[in-house]
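Visitor: Handing you a structure now.
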Protein chains: 2
Amino acid sequence: MERPTPLSGFPEWLPAQRIVEQRVLAKLQRTFELYGFASVQTRAVEPMEHLLAKGETSKEVYVLRRLQADAGDDSDARLGLHFDLTVPFARYVLENAGKLQFPFRRYQIQPCWRGERPQEGRYREFWQADIDIVDKDGLPPHYEIELPLVIADALRGLPIPAIRMHVNNRKVSQGFFRGLGLSDPMEAIRVVDKIDKIGDDGVGKLLASTLGATGDQIEACLALARISAPDASFVERVRAIGVEDELLDEGLAELAAVVMTAAEEAPGLVLADLRIARGLDYYTGTVYETFMDGFEHLGSVCSGGRYDTLASDGKSTYPGVGLSIGVSRILGALFGAGKLTATRETPTAVLVALPSEDDRRACDRLARRLRERDIAAEVAPSAQKYGKQIRFAERRGIPFVLFPGEDGPQIRDIRTGEQVPCDVDAWEPPAADRVAGIVGE
Amino acid sequence: MERPTPLSGFPEWLPAQRIVEQRVLAKLQRTFELYGFASVQTRAVEPMEHLLAKGETSKEVYVLRRLQADAGDDSDARLGLHFDLTVPFARYVLENAGKLQFPFRRYQIQPCWRGERPQEGRYREFWQADIDIVDKDGLPPHYEIELPLVIADALRGLPIPAIRMHVNNRKVSQGFFRGLGLSDPMEAIRVVDKIDKIGDDGVGKLLASTLGATGDQIEACLALARISAPDASFVERVRAIGVEDELLDEGLAELAAVVMTAAEEAPGLVLADLRIARGLDYYTGTVYETFMDGFEHLGSVCSGGRYDTLASDGKSTYPGVGLSIGVSRILGALFGAGKLTATRETPTAVLVALPSEDDRRACDRLARRLRERDIAAEVAPSAQKYGKQIRFAERRGIPFVLFPGEDGPQIRDIRTGEQVPCDVDAWEPPAADRVAGIVGE
């Protein structure tokens with residue numbers, strides 16, 4: 001066959017990049033587990049009617065069919081690949097409600113698929129890392145405060161740019177638009193969500209044409225959208241606009257609690273930003289969008305919110321709150337900018353040199369003794385001259401070469417050339433060399 | 001929506017089962033890395049012409065289309081989900097050959113999809129854990145000896161039944177059938193591969209009808225298929241049949257090396273079994289199938305072989321050898337038989353009890369101090385009576401509850417009821433309780 005070419009929108013990493021991804025995912029995973037989130041993986045497919053019920057992204061769904069499906073066999077006819085991890089998780093909760101303990105904390109790290117036109121930060125196959133907390137029939141608001149802190153902990157210490165989370169609350173927007181007397185508060189949210197694309201003027205015209213908003217109403221909507229603050233000062237600024245509504249009061253109190261706690265526990269992380277809306281209809285409380293310093297043009301790299309009605313089986317509802325890290329979006333951008341790499345492209349810490357092919361079994365046993373102490377080792381592929389074997393290690397970034405030798409093994413740090421006698425059952429690599437690490441710019 | 005029901009052939013695990021899967025995969029992954037295998041993940045999709053070129057499974061491929069694809073936009077029209085991890089890896093090697101170092105050792109743990117009729121051990125979505133070593137233009141046979149030892153190491157220590165790997169070599173079968181004078185040795189391999197399904201008689205009839213084999217030739221083929229041994233004694237038994245062929249000699253020597261090394265390094269693991277053929281055409285040397293004690297009816301749980309011509313771009317070929325563990329097949333069977341479970345269904349080791357909602361921030365900080373020392377902790381969801389908070393922990397298998405208390409915190413092992421004062425910055429859970437473990441029968 002001819003040399004294949006990449007498929008646009010379906011990124012794949014080279015081994016060193018994959019090591020970076022593994023380290024990042026391991027950090028996320030361990031942090032999520034430290035907070036008591038259990039891992040869930042759902043199948044890649046969902047029934048189409050379930051995917052389409054959630055609207056909006058319907059046109060971007062990949063539908064499956066079996067190549068040789070018999071006519072009349074429609075057992076696969078109605079399956080599509082999931083476009084996010086929230087919709088499959090809501091289905092998983094309903095399906096297994098009797099076997100889960102609520103409130104249920106879960107994380108989920110898997111690929112998603114959307115048939116969108118590929119562009120920077122937008123792929124057709126992309127990995128998401130989600131956390132959600134779902135309860136039965138009611139969900140206390142303190143979880144909306146906790147989730148941003150989990151994300152901050154998960155990303156802390158990784159060599160990636162700082163993030164800033166912009167937070168709003170649907171009750172604020174909805175209560176404000178209702179108190180203002182607009183006929184359809186949900187439609188107003190969708191219109192104001194377009195402000196980054198169409199600007200203040202565009203939003204004003206759309207509010208007038210679709211909702212019949214007056215000049216004063218439009219001005220109030222735009223004033224609300226202009227408010228942002230790293231602390232609770234936003235509350236007074238909203239009140240100063242002069243709109244009165246119970247739901248608005250509730251939302252302001254919830255949003256203030258999120259912002260104030262975050263300001264103490266993770267200074268600089270969270271900003272109240274009253275223009276944040278999130279397109280999806282199912283959000284009902286706090287909504288989150290996150291931007292990475294220097295990469296704001298990517299759009300949000302970690303989004304989510306509270307949803308009260310996504311999962312319901314008629315008898316019970318399962319309200320939840322979740323955040324989703326766009327792993328591929330973050331890594332793709334940092335790889336593309338040359339800002340993130342690994343210290344080597346293989347897990348191997350020690351190459352065992354091979355004097356002659358007859359020594360292979362003995363060298364295999366030396367390698368085994370290292371592995372038994374959790375040191376990754378492989379034996380040279382062939383008994384070339386030692387210079388070539390050292391070059392084999394160099395090309396991969398393997399830091400050490402072990403020479404068997406008749407007077408006992410010696411180990412060489414190929415970066416310094418230093419070579420010393422080595423007790424194979426006691427020698428330890430420096431901590432930084434034991435496993436491949438990641439390096440930011 | 002109504003309560004959803006499972007999709008046949010698309011298994012999903014409950015949280016405790018998922019913890020088992022995570023532990024098993026972590027063991028496989030770490031072992032592979034100790035042997036120097038680098039992680040690779042390929043996209044879920046391949047061009048259909050690439051999937052179909054590998055024959056055999058073509059009718060089981062899932063084809064994708066975008067729900068709202070424009071007429072005339074065929075950019076996705078020719079994509080299908082991969083049915084194994086070998087074919088995508090071969091494509092990855094060709095595509096990135098200039099950026100990889102050879103010999104290239106990689107592992108890959110991902111789902112695959114086949115539209116087969118679901119039955120025990122056969123799913124439509126299933127996880128495989130593959131290792132392969134690929135070289136450029138030539139691949140020394142010592143890798144065919146190494147791979148079974150890696151698999152044995154990876155599964156050793158896990159609470160699952162013992163495995164036995166049945167090994168053959170395509171050169172033995174092909175050389176034998178050629179030396180015997182059969183017109184189409186490859187076709188003979190495919191016929192003898194059916195022996196478990198159609199028996200000796202069926203194979204004999206098929207050899208006669210498709211290849212015109214004589215009674216003596218059929219008898220020799222069946223005699224070969226009956227030979228198996230845990231050591232090199234099979235060589236003499238093959239020679240005793242009296243077929244002479246150079247390729248046969250080469251295959252016997254290679255197979256004897258695999259079996260003899262394994263007998264020393266991992267006694268009981270490997271059996272030479274001359275009926276093993278593997279259906280796939282691309283194997284050219286050693287072939288492997290693996291059976292799990294007490295679960296032989298599942299078929300092979302770890303298969304693979306050497307392939308010399310799977311990846312070629314016209315200028316270079318990239319011969320390789322690989323083995324693939326059927327993770328879903330193994331776990332599905334052991335879960336179904338009730339032989340494998342986790343010590344708890346959450347990562348949480350400590351529940352921090354909540355005296356009143358006003359104490360939440362203080363309790364969050366206690367939990368944080370535990371997390372900073374890598375102990376998973378969560379705070380109770382609400383300030384119920386302590387009895388109910390303890391039941392919350394019990395239902396999830398969380399072993400410890402930490403009570404803040406005015407005279408300093410106390411920690412309670414809820415299995416024994418023992419409760420003692422606790423220095424939150426020094427207390428350590430027993431090693432077996434720090435993370436959820438897995439338990440075999």
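Using the three backbone atoms N, Cα and C, a Cβ is placed for every residue, glycine included.
TrEMBL does not curate its annotations; it predicts them automatically.
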Visitor: Which candidate from B:ARG65, B:ARG66, B:ARG114 does TrEMBL annotate alongside B:ASP84, B:LEU85, B:THR86, B:GLN128, B:ASP132, B:ARG278, B:TYR282, B:TYR283 at the L-histidine binding site?
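Guide: Same L-histidine site in TrEMBL: B:ARG114.
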Visitor: What kind of secondary structure is B:GLN128 (L-histidine binding site) part of, going by DSSP in three states?
Guide: strand
Visitor: Within 10 Å of the Cβ of B:ASP84 (L-histidine binding site), how many other Cβ atoms are there?
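Guide: Result for B:ASP84 (L-histidine binding site): 20 neighbouring Cβ atoms inside 10 Å.
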Visitor: Which residue among the binding-site residues B:THR86, B:GLN128 has the fewest other Cβ atoms within 10 Å of its Cβ, if you could check?
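Guide: The binding-site residues B:THR86, B:GLN128 were compared, and B:GLN128 has the fewest Cβ atoms within 10 Å.
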Visitor: On the three-state reduction of DSSP, what should I expect for B:THR86 (L-histidine binding site)?
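Guide: DSSP call for B:THR86 (L-histidine binding site): helix.
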Visitor: Does DSSP put B:TYR283 (L-histidine binding site) in a helix, in a strand, or in coil?
Guide: strand
Visitor: Within 10 Å of the Cβ of B:TYR283 (L-histidine binding site), how many other Cβ atoms are there?
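Guide: For B:TYR283 (L-histidine binding site), the 10 Å Cβ neighbour count is 22.
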